[in-house]
Amino acid sequence: MAAIIVVGAQWGDEGKGKATDILGGKVDYVVKPNGGNNAGHTVVVGGEKYELKLLPAGVLSENATPIIGNGCVVNLEALFEEIDGLEARGANASRLRVSANAQLVAPYHVAIDRVAERFLGKRAIGTTGRGIGPTYADKVSRVGIRAQDLLDESILRQKIESALDQKNQILVKIYNRRAVDVDEVVEYFLSYADRLKPMLIDATTELNKALDAGKSVLMEGGQATMLDVDHGTYPFVTSSNPTTGGACVGTGIGPTRITASLGIIKAYTTRVGAGPFPTELFDKWGEFLQTTGGEVGVNTGRKRRCGWYDSVIARYASRVNGFTDYFLTKLDVLTGIGEIPICVAYDVDGVRHDEMPMTQTEFHHATPIYETMPAWDEDITDCKTFEELPEKAQDYVKRLEELSGCRISYIGVGPGRDQTIVINDVAEG
């Protein structure tokens with residue numbers, strides 16, 4: 001029995017899809033515990049590149065059952081477009097299951113999200129405009145639509161009517177937009193009901209019974225620690241808890257059943273959208289990391305902001321999540337750059353901070369304190385063991401491990417599934 005959580009340790013785009021793809025072939029279930037189609041991940045299988053958004057990467061595994069958990073928000077149009085796109089390429093998504101308690105994104109959620117961002121102007125958060133935040137807001141306000149509501153049209157209509165009593169006031173009186181018709185929303189949801197119903201399960205019961213029977217579960221977190229609504233760079237965050245604790249809540253698997261918490265972290269740092277980023281680069285090295293690392297968002301097509309490795313964030317993420325292991329990705333991108341700066345602390349208005357500053361104001365004022373290490377020139381993309389890495393690459397990895405306070409058990413040396421050095425396999429305990 002293994003219950004493994006995969007969590008992004010930075011601001012997303014760390015390579016969680018690759019980690020999940022590698023581990024997904026060794027487990028019985030792969031579950032997405034949070035988020036929606038607002039964050040994408042890329043998986044390379046057999047030389048084929050797949051860009052997934054709402055679906056767990058485990059959908060590409062031949063054996064694992066992929067599940068969208070109760071902590072997710074599901075845009076049905078996006079879900080079935082993604083399924084159809086995969087199946088058109090020969091993939092089999094028939095094993096996919098959806099928690100009956102997952103929240104559904106309604107057309108009015110998307111409308112409110114987009115108009116609200118435009119309304120904020122320069123103060124905009126930089127959301128993807130896919131209705132994720134408004135859907136989570138309705139969830140905690142207890143007026144959300146759940147997947148199980150599609151099983152009873154009368155309940156579905158009643159909930160939509162109740163929600164639109166409020167939403168139309170917002171759209172018409174605040175944002176000067178037209179009111180949303182109840183029948184249109186009901187018809188929208190019912191158009192997907194027949195396809196969705198066979199997928200619905202009591203995910204919490206099924207997953208816990210699977211663990212009782214000695215089976216293995218992998219929880220694939222979306223977004224990342226620094227985008228967590230409680231622990232991230234608020235307000236420039238997502239609307240859920242993409243951390244270890246959030247994975248437990250988003251699946252119904254209790255924390256005492258977790259056998260490994262695997263943090264995914266790049267050998268440098270990236271971020272998409274607005275918000276503070278102490279090690280961000282605006283020179284040729286930022287452009288180099290962006291170009292060489294292929295740093296363009298899967299979901300938005302936006303170029304990612306790039307910077308050097310930030311060990312303050314790495315230590316913080318280790319503590320917040322209780323990581324047992326790190327999966328270091330994109331080490332190959334740093335080949336041949338001469339010297340590699342590592343942020344070991346911050347200077348905040350003349351005061352050294354070895355840990356995350358307490359306030360966001362301080363974090364906005366943080367400037368990195370660097371130490372440098374020599375880079376390597378050798379091609380590492382075919383290295384299969386840690387010992388095969390050049391000595392300078394080994395030294396860099398060891399230093400990151402020391403600074404993060406967590407062992408590095410996997411090292412990505414290229415985009416392919418087989419371009420991964422495995423030091424300690426968490427799927428095997």
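Cβ atoms are placed via backbone N, Cα and C, with glycine included.
These figures come from a predicted structure and were not determined experimentally.
Per Swiss-Prot, the features are:
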type	residues	note
ACT_SITE	Asp13	active site, proton acceptor
ACT_SITE	His41	active site, proton donor
BINDING	12-18, 40-42, Arg304, 330-332, 412-414	GTP binding site
BINDING	Asp13, Gly40	Mg(2+) binding site
BINDING	Asp13, Glu14, Gly15, Lys16, Asn38, Ala39, Gly40, His41, Thr128, Arg142, Gln223, Thr238, Arg302	IMP binding site
BINDING	Val298, Asn299, Thr300, Gly301, Arg302, Lys303, Arg304	substrate binding site
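Annotation note: Leu331 (GTP binding site) sits in a helical segment as assigned by DSSP. Secondary structure at Lys18 (GTP binding site), taken from DSSP and collapsed to helix, strand or coil, is helix. Here Lys18 (GTP binding site) comes close to His41, Thr42, Val43, Val44, Thr329, Gly412, Pro415, Arg417, Thr420: these same-chain residues lie at least six apart in sequence, with C-beta atoms under 8 angstroms from its C-beta.
For the binding-site residues Thr128, Gln223, Arg304, Leu331, Val413, a Cα to Cα distance of within 10 angstroms from Asp13 (active site, proton acceptor) holds for Gln223, Arg304. Taking CA atoms as the reference points, Lys303 (substrate binding site) and Thr128 (IMP binding site) are 14 Å apart. Of the listed binding-site residues, namely Gly12, Gly301, the sparsest CB environment within 10 A is found at Gly301.
In this structure the alpha carbons, written CA, of Gly40 (Mg(2+) binding site) and Thr128 (IMP binding site) are 11 Å apart. For Gly15 (GTP binding site), the number of other Cβ atoms no farther than 10 Å from its own Cβ, over all displayed protein chains, is 24. Counting only residues at least six positions away in the same chain, the Cβ atoms of Leu331, Asp332, Ile380, Thr381, Asp382, Cys383, Leu389, Gln419, Thr420, Ile421 sit under 8 Å from the Cβ of Val413 (GTP binding site). Looking at Arg302 (IMP binding site) and Gly12 (GTP binding site), their Cα atoms lie 13 Å from each other.
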